[in-house]
Amino acid sequence: MARSVRRTTLALLLSAVLAMTLFVTAPAHAQDSTWTVSGPSARSGPQARLQLDATTGALTLQVSRGGRTVLEPSPLGIRTEGADLSRGLRLSGRERRVVAERYRTAVGKQRSRDVRMTETRFRFRGDGGARFDLVVRVSDDGVAYRYVLPKGSGDVLGETSAFTLPTDATAWLGAYRRDNENLFNQYPAATAPTGEYMAQALFETRGTYALIAESDLSGRYSAARLIHEAGLPTYRIGLWDERVTSDGALSTPWRALVVGDLATVTESTFTDDLAPASRVADTSWIRPGPALWTWLAGGKPAGQSLSMQKGYVDYAAQRGWPYVVVDAGWYFDPDQWDVTDPDWQTNSWIPELVTYARERGVGIQVWIHHRDLDTAEEREQWLPTLERWGVKGVKIDFMDSESQDTLRWYDEILPATAAHHLLVNFHGSTIPKGIQRTWPHVMTMEGVNGEEKRVNTAQHLTTLPFTRNVIGSMDFTPGAFHRPQRPNAASDAGELGLSVLYESGIQNLAGTPESYDARPLARGFLEQLPAAWDRTRLLAGRPGESAVLARASGGRWFIGGTFAGAAHTAEVPLRLGSGTWLVDLVLDGPDGLVREPRVVRGGDTLSVPVVADGGFAAIACHWRPGRTSCDRTAA
C-alpha cells in the first residue's frame, strides 16, 4: 500500500513538472496568432500584445495601459544578409520566466534598485529555415524587446522595427544630430515634420506617456534614430550603419518604451534595469560630486594657465566641492590651439596642480580629445600617465558618432579607464543607454543642448527632465549665472533650481567664482548640493511648461523647479513623507535672490511665486522647534 502511494505520488509530481515544462516551452498551435505579455502588476502596468499575421507571417507589437492603447500595432523584424526576418515567420516555441534583480548604482536618480520583469522568449522560423528569437520584457514601468540571432546569421542590413502612435498623440522631439545635441519641441505626433529624430522621444495620449529608449547598446551593433514621414503617426528605427557586422550570435539592443503617467516615466530606471550588471568589481574609488568647471568660467586662457587653475582649486576647496575640471588647452602646443604638444608628458603642469589640489581636498579631472585616445597605443600612453599623476577623471570629447566602429571604441575605453581608476564624462557623445549600470565609473554624459548653447528656450529647459534626463545622467552644466544668453536670465532662482532638476553624477557648475560670490544665497545652496540621490520624485510639471522635482539625499530633500511662460504663483504638491518639514526656499526677489523658510506638512501644497520663464530652488528637512535652516551646519 505504501509503495503504491509512493508510486502514485511520484507519478503526480512527474506529471506536474511535465505540465509546467509544456506550459513554458510548448510550440504554439496554428491558431495561436496573438500572445499577451503582462508585467508583475498586470492591472496597473503596461501590457504587450504580439500578433503574427496568418497571411503574411509579419509580426506587430501593441502596447496598452489600463485598457487604453499606448502603441498601435507596430511592425517588428530584422533583415540580415541571409534572410528577411520580417515576413513569412512561424512560431516554433515560447519560454517564460521572471527577471528579479537587485542592484546599486554609483549615481542616478535612485541608487538602490529592485527590478522585477516578466520575460517571454518567442522562437520564430522564417522562409528557408532562418531562425531568430524575439525576447519581450514587461515591467511596471515599461515594455522592451530585442532580437536574438544565432551564429551564422551574418551581417544585419536593417530593422523593420517601428513605433506607431495613436493618431491623437502629442510628441516632444529633438531633431537628430550626431552628438545628440538639439532642442526639444512639441508637435502632434502624426504631423511632425518629415525628418530624423533623436531616439529619446516622448509621446502622450490621454494622460499616459511613452518614452522611446534604447538599452544595452555596444559595439556589437549600431545606434538607432527615429525616421518620420509627416502625416503618419509612425516612427521607424534607422541605424547609423547600413551594414552591422556580426560574426557570431547576436543580441540586438533593447528597443524600449518607458510607459506610465508622467511621474512613473520621469522616475523610471527602466533603461538601466535592462542593461547588463556592473563589470567593475571594486567601486570603492568611484565618488560622485559637484565640480567647478572652468570652460565657461575661464575659456581658453583657463585651460592653459596653472595659476588660474590653482585659483579655481582654492575656490572649490572653500565651497567644499570635491572636483575641478580642467578643460581644453592644458596639453596643447602653447603656440597652436588644438594641436597636441608632442612633449605633453614632460611639459605638463598637471602633476603640480594635482599635488596642490590634493593638499586642499580637491580632485582634478582633465579634458581629452577623442583623437588622442582612439588607438590602443595612445590609451596605453595616456591613461597610465594620468593615473600616475593622480588625476581622478577624464572628460573625453568629440566622438561625434554612434557608428558601430565608434561604439567598439567605447567598448575599449570603458574597461581601460576603469582599470586605471579614472572617472569618465563623455562629451560630443552618445547618451547613457544603460551604460551607468554596466560601467558605474561613467559619471555623466553630454548628449544634450546644455548651458553652453546660446539658443536654448524655457520650453526646452522644462522638457529635458521628461526626455533626455530620464535615460541617464546629463551634463547640462548649470550655474552659469554670468551668461546673459541663458533663457532664464531674469531668474537666478530658476538657474539655481537646474542644479537639482538635472541629474548628473559630476554636476559641473559652470559659473565664475565672482558670479557665485555676488549671489551668496546661490553659493550657499550649491555648497550643500549632493550629486547622487537616494530617490527622486516628480512633484509637478508638464513637458514644455514646467518641471518640479524633489531628490532625496540622507534626511533631506532638494527641490528644483523651472517654468516657461508668464510670472505666476505655482502650486506644488509636496511628496516628502509624513511629519512636519522645514522648506528653505530660494526665490527671485526685486533686488536679487531671497530666502524664505516655511514650515509645512509633508503632503501640503506649496505656493511658490515665480517670475517669467523662472523657477526656484529649495532644501527640505524635518522641522523641530528652533530649526530655521536645512544647511548641514545648522542646528
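Start at 1 and count along the chain as shown; that gives each residue its number.
Any Cβ shown, glycine's included, is placed from N, Cα and C.
Taken verbatim from Swiss-Prot:
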- D397: active site, nucleophile (ACT_SITE)
- E452: active site, proton donor/acceptor (ACT_SITE)
- D179, E446, E452: Ca(2+) binding site (BINDING)
- 1-30: signal peptide (SIGNAL)
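Overlay of Swiss-Prot feature records on the structure.
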residue : record                             : DSSP class
D179    : Ca(2+) binding site                : coil
D397    : active site, nucleophile           : strand
E446    : Ca(2+) binding site                : coil
E452    : active site, proton donor/acceptor : coil
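Excluding the listed site residues D179, E446, E452, the same chain places E181, H427, G428, G447, V448, N449, G450, K453, D475 with Cβ atoms within 8 Å of the centre of the Ca(2+) site Cβ atoms. Ranked by Cβ neighbours within 10 A across all protein chains shown, the recorded positions D179, D397, E446, E452 are led by E446. Cα spacing between E446 (Ca(2+) binding site) and D397 (active site, nucleophile): 9 Å, rounded to the nearest whole number. The two recorded residues E452 (active site, proton donor/acceptor) and D397 (active site, nucleophile) have their Cα atoms spaced 14 Å from each other.
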